[in-house]
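Novice: Below you will find the structure I want to go over with you.
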Amino acid sequence: MWRLALGGVFLAAAQACVFCRLPAHDLSGRLARLCSQMEARQKECGASPDFSAFALDEVSMNKVTEKTHRVLRVMEIKEAVSSLPSYWSWLRKTKLPEYTREALCPPACRGSTTLYNCSTCKGTEVSCWPRKRCFPGSQDLWEAKILLLSIFGAFLLLGVLSLLVESHHLQAKSGL
């Protein structure tokens, strides 16, 4: 009975972006087989990954698929799925946001890029993120120009003031 329910979970999980690319790896099928072999570990397999909040470019999707392939290969060799929930969590909290940022920020993104929705595997053309969102602590070119001009102006003013003080000092000295 639980195998039937487990099959439904894998059909839903098959739409996650981890399973969108590189069909030769057959990740969803391998994951289903691995979990069906480990009947006692039903709890670890039952947790379906939720990647609906993410969209990745093709290169990032291939990286995630390759990484998942390697993780599943280790689990198949060890015949253990206990680390599967922590892998899904790490992927969702660490790698997918990192890959999304890489795909939408310079230098990888120039103007627009095609991202694939992680819940539907459908590609959509999207605009790149603004530089301030990609690099929140950095300044854009206009702000850098203003900063440089301000510093230049301050040094110029200090130079003129220094010249005036020195000139008055020399006039006072020659007048004595």
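Just so you know, the numbers here start at 1 and follow the chain as drawn.
Using the three backbone atoms N, Cα and C, a Cβ is placed for every residue, glycine included.
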Novice: Per Swiss-Prot, which of Cys17, Cys20 is disulfide-bonded to Cys121?
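Specialist: Looking through Cys17, Cys20, the record in Swiss-Prot gives Cys20 as the partner of Cys121.
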Novice: Just choose from Cys105, Cys109, Cys118 the cysteine that Swiss-Prot connects to Cys17 via a disulfide.
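Specialist: Checking Swiss-Prot: disulfide partner of Cys17 resolves to Cys118.
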Novice: Using Cα-Cα distances with a 10 Å cut-off, which of the disulfide-bonded residues Cys105, Cys109, Cys118, Cys128 are near Cys20 (disulfide bond)?
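Specialist: Those close enough are Cys118.
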Novice: So what pLDDT does the topological domain 'Cytoplasmic' (167-176) average out to?
Specialist: 85
Novice: Measure the Cβ-based neighbour count of Cys109 (disulfide bond), defined as the other Cβ atoms within 10 Å of its Cβ.
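Specialist: Step by step: centre on the Cβ of Cys109 (disulfide bond), count other Cβ atoms within 10 Å, giving 19.
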Novice: Taking DSSP states H, G and I as helix and E and B as strand, how many residues of the topological domain 'Cytoplasmic' (167-176) are helix, strand and coil?
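Specialist: The composition, in the requested order, is 9 helix, 0 strand, 1 coil.
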